[in-house]
Amino acid sequence: MLDINLFRAEKGGNPDLIRESQRRRFAKVEAVDEVIAVDVEWRQLQFQVDELRGQFGKKNKEVAMKKKAKEDADKEIAECKEIDVQIKAKEAECDAVSAKRDELLKGIGNLVPDSVPVSDNEDLNAIIRVSDLDKVLPADQMKEYKTVKELDDVCKKGEGKLSHVDLIQMLGLADTDRGATVGGNRGYYLVGDGVLLNQALINYGLSFLVPRGYVPLQTPFFMQKEAMAAVAQLAQFDDELYKVSGEGEDKYLIATSEQPIAAYHRNLWMDPKELPKKYCGLSTCFRKEVGSHGRDTLGIFRVHQFEKIEQFCLTQPEDDKSWEMLESMITASEGFYKSLGIPYRVVTIVSGALNDAAAKKYDLEAYFPGSGAYRELVSCSNCTDYQARRLETRFGTAGQKKAGGGQAAKQYVHMLNSTLTATERTLCCLVENYQTDKGMNVPEVLQPFMGGKTFIPFVKQLKDLKEKK
């Protein structure tokens, strides 16, 4: 969440900056004024609590002095008790207003910088870079495209190219029929070379990031509600997260390793010498995918359970370090897909499509020739100090003093996250881009992780699949 002091104009804050950011998000601008109004109420109550505590302290001294002089202090003791009752009542009122203010604060999104295109239409996501455009467009359409809509309108479907839905079955990489019977809607078994190819992506992903200074971290599959609430938006609890009930507190299955890695740093002080910290998180992820009915329901592109390698980084809050890291992370993801030989584009997501935590987000979308379309494989976000503030992940050292004495102002680290590969989704892209009339070539960089295998032949023909349907 945002720093409450940013809402306080009289303390050097800038409420207009937050209002403008809300406008860019196409979110409630009046929510800013609701926070301000409740904060004013809280500060008034806090002032009253402080005054009562002052009266209590003064009256306590009078009691001590009278007792020392061996005088009757019954009246003053009674007054102390009365003030103490008032303090407790006012503190309870103050706590309730503070909780209300914090809830309202959670509904205000991170500040959107000027570099983000302002729109609520994702067709206007801005194209930053495109690779291998000659594999995507007819020769007469080769030019610069500024938005995804402009490029999507002229994308060509590869001649004779099949979709990943058919190819996965023809190559025998997964069994979605039995998967659905056993695991329900969008359940699947990876089979044979499907397992090997998926594992090859995991192992190659780790070997790609570790030499770049990333520390591997394999996370828990579930989190306690309190920990999850600090890293997930309220809507995610209903639309995305699976609840695990049993003995003790309820837990939630993770939707991405970003969640447990962020919580790994909860209530910590991060010494400047430790930063930046770079993790490659390895996890199985679980998502309900509520709201995606009818979208990518076939095959294994959008499923409820999948493996993922995630980049998660922490930086100091100063000197644009997190913005430099954002560029470094998307460059790493680009390098990964370049090495796999997959055509892609990098786009900046429009302001109205950002989640609350992200100040800016890039997507890397890979080209699927069987569909003649780009599909998202990577999401890369700078959340600045928005997540760290809720997690109390502080920058500096405990008890840090400012120059000239006194307690230093609170500072929080900046947190960033980026997919490297959601392996089942990447697998879908590979089969479309490496298909032949007899099967699939294995990308050269994955061959060492598959025992040197260079080719996966079809085990079924397209006509057999059509007859089955």
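Backbone N, Cα and C define each Cβ position, glycine as well.
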From candidates Arg266, Arg287, Arg394, TrEMBL puts in the same L-serine site as Thr256, Glu310, Asn417 the residue Arg287
Across the record's ATP-binding residues Arg287, Lys288, Glu289, Val303, His304, Gln305, Phe306, Glu376, Leu377, Val378, Ser379, the largest CA-CA distance in angstrom?
-> 19
Could you give the maximum C-alpha to C-alpha distance in Å for the residues Thr256, Arg287, Glu310, Asn417 that bind L-serine per the record?
-> 18
Counting Cβ atoms within 10 Å across all protein chains shown, which of the binding-site residues Arg287, His304 comes out on top?
-> Arg287
Would you please pick out, from the binding-site residues Glu289, Glu310, the one with the fewest other Cβ atoms within 10 Å of its Cβ?
-> Glu289
If you count the other CB atoms within 10 A of the CB of Thr419 (site 'Important for serine binding'), including all protein chains displayed, you should get 24
